[in-house]
Amino acid sequence: KIYKRCELAAAMKRYGLDNYRGYSLGNWVCAARYESNYNTQATNRNSNGSTDYGILQINSRWWCNDGRTPGTKNLCHISCSALMGADIAPSVRCAKRIVSDGDGMNAWVAWRKHCKGTDVSTWIKDCKL
């Protein structure tokens, strides 16, 4: 599923991401835009053989199991394919685990590059939340 910006913001809010660990909703919407272009089915292969999955591009080396990444830790206890459904709840649950891990949203390269230190409130502007 490809979400519209405000539709995604509403879903993320419903699942408790607004101000989760101090990160406002705009941070999450911005991250999703630059990680996956709001596409739940996005996948990207990394040079180390791992793959990133779903709307927040969650990595198979650490967080999910795709059955082909050697030495996966699967810290979210989830199959990577479950991160690619139209319902973003599994991705949100795992993202909460990731962002609680000590490095916050710095775990997402696209967030560091495009969202960190910017006015992320623009990402939820005009959304009826």
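Residue numbering: from 1, along the chain as shown.
Heads up, the Cβ atoms here are built off N, Cα and C, so glycines get one too.
According to Swiss-Prot, the protein has these features:
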- 1-129: domain 'C-type lysozyme' (DOMAIN)
- Cys6-Cys127: disulfide bond (DISULFID)
- Cys30-Cys115: disulfide bond (DISULFID)
- Glu35: active site (ACT_SITE)
- Asp52: active site (ACT_SITE)
- Cys64-Cys80: disulfide bond (DISULFID)
- Cys76-Cys94: disulfide bond (DISULFID)
Checking the recorded positions Cys6, Glu35, Cys64 against Cys76 (disulfide bond) with a 10 Å Cα-Cα cut-off, in sequence order, leaves Cys64
In the domain 'C-type lysozyme' (1-129), how many residues does DSSP call helix, how many strand, and how many coil? 53 helix, 14 strand, 62 coil
Please report the distance from the Cα of Cys30 (disulfide bond) to the Cα of Cys94 (disulfide bond), rounded to the nearest angstrom. 17
Cβ-Cβ under 8 Å from Cys115 (disulfide bond), same chain, 6 or more residues apart: which ones? Asn27, Cys30, Ala31, Tyr34, Met105
Relative to the Cβ of Cys94 (disulfide bond), which residues of the same chain, six or more apart in sequence, are found under 8 Å away? Leu56, Ile58, Trp63, Cys64, Cys76, Ile78, Leu83
Nonlocal neighbours by CB distance (under 8 Å) for Cys6 (disulfide bond), same chain, sequence gap 6 or more: Ile124, Asp126, Cys127, Lys128, Leu129
Neighbour count, 10 Å Cβ-Cβ cut-off, for Cys80 (disulfide bond): what number do you get? 27
For the C-alpha pair, I'd like the distance in angstrom between Glu35 (active site) and Cys80 (disulfide bond), rounded off. 16
Could you tell me the C-alpha distance between Asp52 (active site) and Cys80 (disulfide bond) in angstrom, no decimals? 9
